[in-house]
Amino acid sequence: MPRVYIGRLSYNVREKDIQRFFSGYGRLLGIDLKNGYGFVEFEDSRDADDAVYELNGKELCGERVIVEHARGPRRDRDGYSYGSRSGGGGYSSRRTSGRDKYGPPVRTEFRLIVENLSSRCSWQDLKDFMRQAGEVTYADAHKERTNEGVIEFRSYSDMKRALDKLDGTEINGRNIRLIEDKPRTSHRRSYSGSRSRSRSRRRSRSRSRRSSRSRSRSISKSRSRSRSRSKGRSRSRSKGRKSRSKSKSKPKSDRGSRSRSRSRSKDEYEKSRSRSRSRSRSPKENGKGDIKSKSRSRSQSRSDSPLPAPPSKARSVSPPPKRASRSHSRSRSKSRSRSRSSSRD
C-alpha cells in the first residue's frame, strides 16, 4: 500500500487533525504519528499522489508541513526506518529528487506555456499551483527559456479551466501569463506529419527504384545498341570477306559484270560518304559538332554500308593483268604451233 511521509509536524497534532488534513483524497488505511513527523497509508496510489501534489507546503496546526512519498526499507508494522536528521524526526537524510518524489512525468497534448515566471519558482511550485485547475501530468520551469515554464494537463477541460481561471494570477510576486501551445495541442497533427514523412519516404524510395530501373534499362539499351553495332560491323566485315572471296573465286567473269560491280560499289560508296558527310555536318550547323558525333557518324556509316571499303577495289582490280598475260601466252603458243606446222609442210 502507498505511504506518505509528513514532516515538520507540530507536537500538538492528533489523528483527527491528520484525517481532516487529508480529507477529500481518498480512503486512509492507517495513520502513524511520531514526534515531529508521521506516516499516512492510502488505499489508492492515485490518492497518495494527489495528496503529495497538493498538500506539500500547506499549513497544519500553524506549521508548514512537508508531504512526500515515503521511501526506505520497512522495519515493522508501525513504520519505516529513516536516517536521523538534525532537528529530530526520522526523515531520510538522503532526499529524493523531485522527479522521483512526484512520479514519472506523462506527456500529453494539452499544454500551456507560462510566461513571466519568477526565477524563484521551481517546476514543483508551478505544478502544485496549477493543480488548482485540474490534474497536471508534466511541468517544467526555466528549461528552454528563463522566466518561462511549461504545464501539461491530463484532459482538455483541465487545461481550459487553468487558462480561464489562473491566467494573470500571482506566483512569487509575479503575475503569470498562460498561452495555449497550439502546435503541440493535437497529436493528430504529429500523426499526420509522421504519415506524410512515411509517405514521402515511400515516394522517394519508389522514385529511387524507378530511377534505378530506368538506369538499368538505359544501360541495357546502350548495351544492346553497342551489341547491334558490333553485330552490324561483324556482318559488314563478313559480307566484305564474302565479296572478296567471290571476286577471287570468279576470275573468269566478264568485263561487263566487273564494270557493273565497280560502278555499283562506287555509287554506294559515294552514297555512304554523302550520308556520313551530311550526318557529320548536321551537328556543326546546330552548334554541337563534337568529336563524339563524328565518331558515331563514321561508325554508323560503316554499319549502314554493307559493301567493303575502297581497298576491296584494288584487290578486285588486280586480276585483269593476269588474264592479259594468259591471252598473250596463248597467242604465242598458237603462232608457234602454226610456224611448226608450216615448217613440217
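Backbone N, Cα and C atoms are what each Cβ position is placed from, and that goes for glycine too.
Given the structure is predicted, the values throughout are model-derived calculations rather than measurements.
Per Swiss-Prot, domain 'RRM 1' is recorded for 1-72, and the stated evidence type is sequence analysis. The average pLDDT computed for the domain 'RRM 1' (1-72) is 88.
Counting only residues at least six positions away in the same chain, the Cβ atoms of Pro2 sit under 8 Å from the Cβ of Ser45 (phosphoserine). In the three-state DSSP scheme, Ser45 (phosphoserine) falls into the helix class. According to Swiss-Prot, the phosphoserine annotation covers Ser45 (among others), on the basis of similarity to another entry.
The region 'Disordered' annotation in Swiss-Prot covers 75-102 (among others).
Annotation comment: Swiss-Prot describes Ser81 (among others) as phosphoserine.
The phosphoserine feature in Swiss-Prot is assigned to Ser84 (among others); the stated evidence is similarity to another entry.
For Lys165, the entry in Swiss-Prot reads N6-acetyllysine, with the evidence type similarity to another entry. Sequence-distant neighbours of Lys165 (N6-acetyllysine) (same chain, 6+ apart, CB under 8 A from its CB) are Gln132, Ala133.
Per Swiss-Prot, region 'Disordered' is recorded for 176-345 (among others).
Annotated SUMO2 cross-link per Swiss-Prot: Lys182, in sequence order. Other Cβ atoms within 10 Å of the Cβ of Lys182 (SUMO2 cross-link), summed over all protein chains shown, number 9.
Taken from Swiss-Prot, the feature compositional bias 'Basic and acidic residues' covers 264-273 (among others).
According to Swiss-Prot, the feature compositional bias 'Basic and acidic residues' maps to 282-293 (among others).
For Ser299 (among others), the entry in Swiss-Prot reads phosphoserine.
The annotation phosphoserine is assigned in Swiss-Prot to Ser301 (among others) on the grounds of similarity to another entry.
Under the heading phosphoserine, Swiss-Prot lists Ser305 (among others), citing similarity to another entry as support.
According to Swiss-Prot, the feature phosphoserine maps to Ser316 (among others), an assignment based on similarity to another entry.
The annotation phosphoserine is assigned in Swiss-Prot to Ser318 (among others).
According to its DSSP assignment, Lys165 (N6-acetyllysine) is helical. Per DSSP, the domain 'RRM 1' (1-72) is made up of 18 helix, 25 strand, 29 coil. In the three-state DSSP reading, Lys182 (SUMO2 cross-link) counts as coil.
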